[in-house]
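Feature annotations, reproduced from Swiss-Prot:
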type: BINDING; residues: E288, E339, E565, P566, S567; note: glycine binding site
type: BINDING; residues: R320, N321, E322, R331, V332, E446, I447, R572; note: ATP binding site
type: DOMAIN; residues: 52-108; note: domain 'WHEP-TRS'
type: MOD_RES; residues: K193; note: N6-acetyllysine
type: MOD_RES; residues: Y442; note: phosphotyrosine
type: MOD_RES; residues: K490; note: N6-acetyllysine
type: MOD_RES; residues: S689; note: phosphoserine
type: MOD_RES; residues: T725; note: phosphothreonine
type: TRANSIT; residues: 1-32; note: transit peptide
Amino acid sequence: MPCLLPTLLRATRAALLLQSPRVVAAPASQRLLSAPAQPAASPSSMDSAEELLAPLRLAVRQQGDFVRKLKEDKAPQVDVDRAVAELKARKRVLEAKELALQPKDDIVDRAKMEDTLKRRFFYDQAFAIYGGVSGLYDFGPVGCALKNNIIQTWRQHFIQEEQILEIDCTMLTPEPVLKTSGHVDKFADFMVKDVKNGECFRADHLLKAHLQKLMSDKKCSAEKKSEMESVLAQLDNYGQQELADLFVNYNVKSPTTGNDLSPPVPFNLMFQTFIGPGGNMPGYLRPETAQGIFLNFKRLLEFNQGKLPFAAAQIGNSFRNEISPRSGLIRVREFTMAEIEHFVDPTEKDHPKFPSVADLYLYLYSAKAQVTGQSARKMRLGDAVEQGVINNSVLGYFIGRIYLYLTKVGISPDKLRFRQHMENEMAHYACDCWDAESKTSYGWIEIVGCADRSCYDLSCHARATKVPLVAEKPLKEPKTVNVVQFEPNKGAVGKAYKKDAKLVLEYLGACDECYITEMELLLSEKGEFTIETEGKTFQLTKDMVSVKRFQKTLHVEEVVPSVIEPSFGLGRIMYTILEHTFHVREGDEQRTFFSFPAVVAPFKCSVLPLSQNQEFMPFVKELSEALTRNGVSHKVDDSSGSIGRRYARTDEIGVAFGITIDFDTVNKTPHTATLRDRDSMRQIRAEVSELPSVVRDLANGNITWADVEARYPLFEGQETGKKETVEE
């Protein structure tokens, strides 16, 4: 297959140069204007693959240098934004090529996997007998058990290990809360609508599908194809009017009816409702679980005897009214989240348990690596914190714990990386942000976010409610501190806002240092800033307010905690586990299985009588009761069919181990049975009375299968390879 990506790069750059010839891309002497097309590298040739990637890496590095220079020269923001858009386009091209060059055996057979998931009812589209609703899914017995085990392991790994305070908040959220958090104003995508039947589409997704269809037409010229490739490369960067122009230029119609479409409009992704019968209290289904934790900060602080640091967590469903859900569990309208908010003194971001994860080696994709065209590299976590790649050891500790959790539940370490947000991606209040990303058949997808959110959330809610959300820190010795506060000109504020002046003054009096510093910067740059309180907006200028800095002596210090927030998308984690653990038995393409770690396997063990002979039934009953007493979830399969066929059935739903009762169990004393390992298909023989505790210890991770094989004799009977496989 010919390499079209250098062409895509040139086309992207050309389109952007038309918008801003001065600053979009690096100077011509530093650009790759004619990188030759080359055949794709064979999976066995890493050198050949790197040759293909080298010019793309160079293109990213040069543009990253150019963006940095623009910022150093204090170029106009519009020029910086355009140059950053070009940088992101080059990054996407590089990453697409990296994924295209991965070995074929590294890619899961998604069609075969999805067939297994549907056939064994892991999950299915909700309301299927009514035609289904996109973006909503029901979990079947196997999927429900797998999801619950993923959640239970999360609880043990984080809440119990870290002694985190778990809470459970309502999903219904009044509008003012989400207005304060920014969700009402900013939580939106652009949408277009069929003008005749009202069918809605997400604008960027529809434009992408339409352009790809045009490009696949044999009559499409190379020039036109390059133009459309450049549009696709910067699709995430278009605003409302730019999208509207593109829909007109490319004559985009409804894909289902061919009707005209409305211009793109912002669509808020939250589900709106009204609380109470009067309809006077608008609200929303929560888009995240975090806000409930922030609002209960004071109560949680009291519960923790007023001490920092402490952490709170919540597991629950959140809702986003996606315009066009797709990609199975990756983009849905209702999903389960698990979020931790770790509250810490901003001046003491050192975690006492960081040494326990400091020696972990994991793939880190730093912001610097991204703007210089490098790939993620394996790095010791302790070195990453010491060298400042990761901002502080609290953030580093949670990244390490996240890595251990994800690999524990079945995500491949080689398909897991932590990507740092680039400066233009991070919210203005964030200190550092890293996403855990997994490689799937859909490419790299975010499954966990881990951000140092500074003091932003608590400060916002404190200003809106005029309730101080702070912790008191006793000082060993009195100290003199610098104080920053607003100094309002009451006369000017009163003249401008009259009866609302009191609202403005109260708001300014409740602001913390973080916010004041941000607004001070706006005052110096623009001469004004805007505040919002009790549903009203006020513009304040230099003659109305200034910033006063002075010193005072304190015996007790008030601290607005910084927040480290790990946020887990459990549906995406579950989907990644499904892909990373799906296998086809060597030599038998029809025999598939999931190699779930025992800790999350839907059933830890199966109990399988060799046949339906009634002599086996007392032992089936005895083992089932003993497994239940040991807390081992299990499945009894006493159906007809060969033992090999039943092994295949239990393997297909990821049952970790299998106990088989045969005639030796009945006829010999002491009574013994076989225990089979799903992944290796090897078996041992042990006394029936011992097996439940052995399976329990395997499921809890106290022992490994290697330990079991060292302790008990191997058995080779029920599954002897080729003959049994043929029978199945």
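Note that Cβ sites are derived from N, Cα and C of the backbone, with glycine treated the same way.
Among the residues R320, N321, E322, R331, V332, E446, I447, R572 said to bind ATP, no two Cα atoms are farther apart than 19 Å.
According to DSSP, the secondary structure content of the domain 'WHEP-TRS' (52-108) in residues is 48 helix, 0 strand, 9 coil. Residues E288, E339, E565, P566, S567 are recorded as binding glycine; their most distant pair of Cα atoms lies 12 Å apart. For P566 (glycine binding site), the nearest neighbour among the recorded positions R320, N321, E322, S689, judged by Cα separation, is R320. Considering only the recorded positions K193, K490, R572, S689, E288 (glycine binding site) has R572 as its nearest partner by CA-CA distance. It is S689, among the recorded positions N321, S567, S689, whose Cβ has the fewest other Cβ atoms within 10 Å in the structure shown. The glycine site, placed at the center of the C-beta atoms of E288, E339, E565, P566, S567, has further neighbours from the same chain whose C-beta lies within 8 angstroms: T289, A290, M337, A338, I340, E341, G449, A451, F568. Confidence annotation: the domain 'WHEP-TRS' (52-108) carries a mean pLDDT of 79 in the model. DSSP assigns the residue listed as 'phosphoserine' to coil in the three-state reduction, outside any helix or strand.
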